[in-house]
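> Handing you this structure, nothing more for now.
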């Protein structure tokens, strides 16, 4: 039997001490295996309490566990194949015993993402929806959960499928213009086709011009804290993280390398980066820390510029959030464009957290419609829009048709309809085993 059709199994629940472990099973012959393991198949999609037995020809049957068994006959299953779930007691010996019994019956352990890959192969979902499921598993916040669930439910796929259907119709009209140039076609057909192509390309461009908000929400933002030595950057990192993540010292230049901490601000995952103090130095190690600090400033989604006097550090982006620390020693002057805080006393920290949360939400909030969520999607749509732009510039009907066909192919790769074999290992390799 080809390996892609063999029955596979895997734990769908995490490792460690627990009451229940869920074992999933799918593939050709799954029903026969289940009957040898627990007797007659239970009614489809209904939980039944069954004894699970290891049956060897040379020995008496051995009871492995009493478990809830669910049977999902294909194609109405997650993978589209005959599938089952075994809700076991989660003891390591129980799990190992059932796994050994399944191997003896002809199943093999699943690879990461193999259940979802089979669902894709059987048309149960497309590549965009599969990636949405992966994002749903990884979601850390409510905002990420909503975005991932929309994608897994097909919200993005419906947009892209709609584009593909429109482009397919326009390509048919273009082929008619090529094949029947002397026929009495309705007047204005070619201009209407060009107008529709222009409108379709404009929709794609509007989808691309979203500021990368969906991608930023999916991966999380990066906020970099910068400032001169000893202004309280490490103390601020610790305060925002709620723990002592960075060493705090009165000695200037204590922080040499960047320190990264993951927090949630405004329901958005944010990586806070504490950097070396910005100053001229002859110390090679500290100078390297300063160079890395400037690198993180350049690549940050938001810069938190920290100071304890009236001078903001140089080379800071105009949209940086300016924070003046140690207001317990010198208050912020009236009208100053800075949030005044005292990390040591906690003064102003609520206002700063609010400002950071608002910035995080502003950087990830989608203005209208579901956003792009991956660089792969962006590249495919950019390629599609590029071919449409080339088609609009073509005066030869045959060349215009060829550009439209290339656009169809690029759009098909987006959802996995065409030419994505080289992508599948990358996409499904990101899943956990059991999904």
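Note that Cβ sites are derived from N, Cα and C of the backbone, with glycine treated the same way.
Positions annotated as (6S)-5-formyl-5,6,7,8-tetrahydrofolate binding site by Swiss-Prot, on the basis of sequence analysis: 24, 85, 124, 435. The domain 'TrmE-type G' annotation in Swiss-Prot covers 220-361. For 230, 249, 251, 254, the entry in Swiss-Prot reads K(+) binding site, with the evidence type sequence analysis. Look at Swiss-Prot and you will find 230-235, 249-255, 274-277 tagged as GTP binding site, backed by sequence analysis. The Mg(2+) binding site annotation in Swiss-Prot covers 234, 255, and the record cites sequence analysis as its basis.
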> Can you tell which of 24, 233 has the most other C-beta atoms within 10 Å, given these are the binding-site residues?
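Highest number of other Cβ atoms within 10 Å: 233.
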> On average, what pLDDT score does this prediction assign to the domain 'TrmE-type G' (220-361)?
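It averages 82.
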> Roughly how many angstrom lie between the C-alpha atoms of residue 234 (Mg(2+) binding site) and residue 24 ((6S)-5-formyl-5,6,7,8-tetrahydrofolate binding site)?
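A Cα-Cα distance of 47 Å.
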> Could you tell me which of these binding-site residues, 230, 234, has the greatest number of Cβ atoms within 10 Å of its own Cβ?
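Top count of Cβ atoms within 10 Å goes to 234.
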> A 10 Å Cβ contact count, applied to the binding-site residues 124, 276: which residue has the minimum?
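Per-residue Cβ counts within 10 Å for the binding-site residues 124, 276 bottom out at 124.
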> When DSSP states are folded down to helix, strand and coil, where does residue 85 ((6S)-5-formyl-5,6,7,8-tetrahydrofolate binding site) land?
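Assignment for residue 85 ((6S)-5-formyl-5,6,7,8-tetrahydrofolate binding site) reads strand.
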> Taking the Cβ of residue 85 ((6S)-5-formyl-5,6,7,8-tetrahydrofolate binding site) as the centre, how many other Cβ atoms fall within a 10 Å radius?
19
> Roughly how many Å separate the Cα of residue 276 (GTP binding site) from that of residue 85 ((6S)-5-formyl-5,6,7,8-tetrahydrofolate binding site), to the nearest whole number?
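So the alpha carbons of residue 276 (GTP binding site) and residue 85 ((6S)-5-formyl-5,6,7,8-tetrahydrofolate binding site) sit roughly 52 Å from each other.
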> Should residue 233 (GTP binding site) be counted as helix, strand, or coil on the basis of DSSP?
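Note: residue 233 (GTP binding site) is helical by DSSP.
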> Which secondary structure state does DSSP assign to residue 24 ((6S)-5-formyl-5,6,7,8-tetrahydrofolate binding site), in the simple three-class scheme?
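Reduced to three states, the DSSP call for residue 24 ((6S)-5-formyl-5,6,7,8-tetrahydrofolate binding site) is strand.
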> For residue 276 (GTP binding site), just give me the three-state DSSP call.
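DSSP call for residue 276 (GTP binding site): coil, neither helix nor strand.
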> Just to verify a number: CA distance, residue 124 ((6S)-5-formyl-5,6,7,8-tetrahydrofolate binding site) to residue 230 (K(+) binding site), in angstrom, no decimals.
57
